[in-house]
Amino acid sequence: MSGSPFTGTAALTRLNLRLDRLRLVIWAVAILLCVWGSVIALDEAFPTQESLDARGALLGNPATIMMTGPAFQMEHYTFGAMLANELGLYLFIAVAIMAILLAVRHTRAEEESGRLELIRSLPVGRFAPATASIITVAVASVLAGAATTLGLLLPGLEAVPVVDAVAFGVAAAATGMVFAGLATLFAQLTENTRGVTGMSMAALAIAFLVRGVGDVINHSGSWLSWLSPFAWAQQTRMFVDLRWWPLLVSLAVTVALFAVAVAFARRRDIGAGLRPTRPGPATAPDRLGSPVGLAARLLRGGVIAWGIGAFFFAVAMGSLSGELDDMLASNPQLEDWIALEGTDLTGEFATIILSYVLVAPLVTSVSGVLRLKSEEEDGRAEQLLVAGNTRTGYLLGWLATVGIQTVLLTVLSGLGVGLGVWAGTGESDRVGEMLLAAVVFLPAILLVAAFAVACYGAAPRATGLAWLLVVWVVLVLFLGELLRLPDWVRNVSPFTHTPLLPGADLEAAPLLVVGGIALALLAIGALGFRRRDIASR
């Protein structure tokens, strides 16, 4: 038994960083590119003071404030204020998600897999693994903050002072650490990794809603806003009236959360949680013995959460179409920014909003497919196969469930945008148009999911490529027009080949080609899964 409870912390930290080096690089580069691209895009979209003032005038909309953040310096709106008001929230959410995933990976996931027990059998201190986890997440958060600052400064704009860019990065890192502390605390309460992740993501969603409602009450932030960690970062008021002291709240809460987590850790055994797991029923329903039933049960929570979020986001963003004429009149450059070309500007705008919202079923479909990998590694897939399910039946049953859920989410997204446009313009026929437009996107979404199937079935170690494709689709979707990416680069994204109804003609050829590629990828995945060995931890 080692003398110090922190013996071995340095070695475990090095091990964590070595195992996570690719993840950290991907997160840092993704944040850097997104921030850099967003700064360039916003600078091109709002080049004059008149366009900035027009943009600022729109932020009084409660839906906009709910979805972006507080409305600082609305009079004589500046480019820096735009970054603080509109870019910050989504950046902070991304860093928070990164921190949650890393914290869960190095705490409860290590216990659930049994690796922590092996590590504790070595000459390491009791608190060394937890301390190494905290340091690892701190390094990741600092890298994310540095990437944020660098992304803000790379374009070399005078409207982005260095000190405010640094404050932006520090705020992002501090937000990540707060949610890492929450995840570490939740890891002491339950025995299940997915339970910890779910509780942490629920806390993030609550923080988002509390901040949103608080900012709607007072556009510069009300007392309710201050109950959210996102507000502590946003209230530094970068580029407007910089103040550092709100970040002290983030620091104090982070220290308190980790301290409570350590105190709870001392009161429980390895692998156990302070909140005992409820015993399950003595027998399971017959449907859980089938791939379809099991997939529906395991995936429904995430699908419901994504569906609720996507629907309300779609309604809120769709309602902005009622202000489209005013936006274009005050800032003609917006037509280039959102690539409006035809005569039905409202329909085109709604379709572009829809394509953004469809990121939800895109992510959900890939996540549902790749859940197969964890089911296989945890041994549950093998149990189903031993129970009489064929490999092909198991795979196709699971994928059928994912496909149905993807269709439902896609239709729900189209319905949300349609209802929002109806509310904003009074044009009820937009609901049907957006439903049809959403359905037309299904082949592209399913192609990305089929690529995930091919990776899982033929080369399970390459499943990260599926997420890389998702990131690329999102990058082309949001920034392809503004970054003037060449056509051959954009064509890698299947969304590029989808007709944007109602403005474009509905052509069957591109949809059939995309659907055919999806079927080919599905066949590759199914054939690979039939021929390879089943893995387990």
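Using N, Cα and C of the backbone, Cβ positions are placed for all residues, glycine too.
As the structure is a computational prediction, the values presented were derived from the model and not from experiment.
Going by TrEMBL, these are the annotated features:
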- 24-42: transmembrane segment (TRANSMEM)
- 87-106: transmembrane segment (TRANSMEM)
- 127-154: transmembrane segment (TRANSMEM)
- 166-189: transmembrane segment (TRANSMEM)
- 201-224: transmembrane segment (TRANSMEM)
- 244-265: transmembrane segment (TRANSMEM)
- 303-322: transmembrane segment (TRANSMEM)
- 349-372: transmembrane segment (TRANSMEM)
- 393-422: transmembrane segment (TRANSMEM)
- 434-458: transmembrane segment (TRANSMEM)
- 465-485: transmembrane segment (TRANSMEM)
- 508-529: transmembrane segment (TRANSMEM)
Contact between the transmembrane segment (393-422) and the transmembrane segment (24-42) (3 or more Cβ pairs under 8 Å, separation 6+) | no
List, by number or range, the same-chain residues at least 6 past the transmembrane segment (303-322) whose CB is under 8 A from its CB atoms?
-> 61, 63-64, 66-67, 201, 205, 346, 349-350, 353-354, 356-357, 360-361, 363-364, 368, 405, 408-409, 412-421, 423-425, 434
The transmembrane segment (201-224) vs the transmembrane segment (349-372): 3 or more CB pairs under 8 Å | no
Result, the transmembrane segment (127-154) in contact with the transmembrane segment (244-265) (3+ CB pairs under 8 Å) = yes
Same-chain residue ranges lying at least 6 outside the transmembrane segment (87-106) that approach it to Cβ under 8 Å = 16, 20, 23, 27, 31, 34-35, 38, 42, 68-69, 129, 132-133, 136-137, 140-141, 144-145, 148, 168, 171-173, 175-184, 187, 193, 196-197, 200-201, 204, 208, 211, 229-230, 233-234, 238
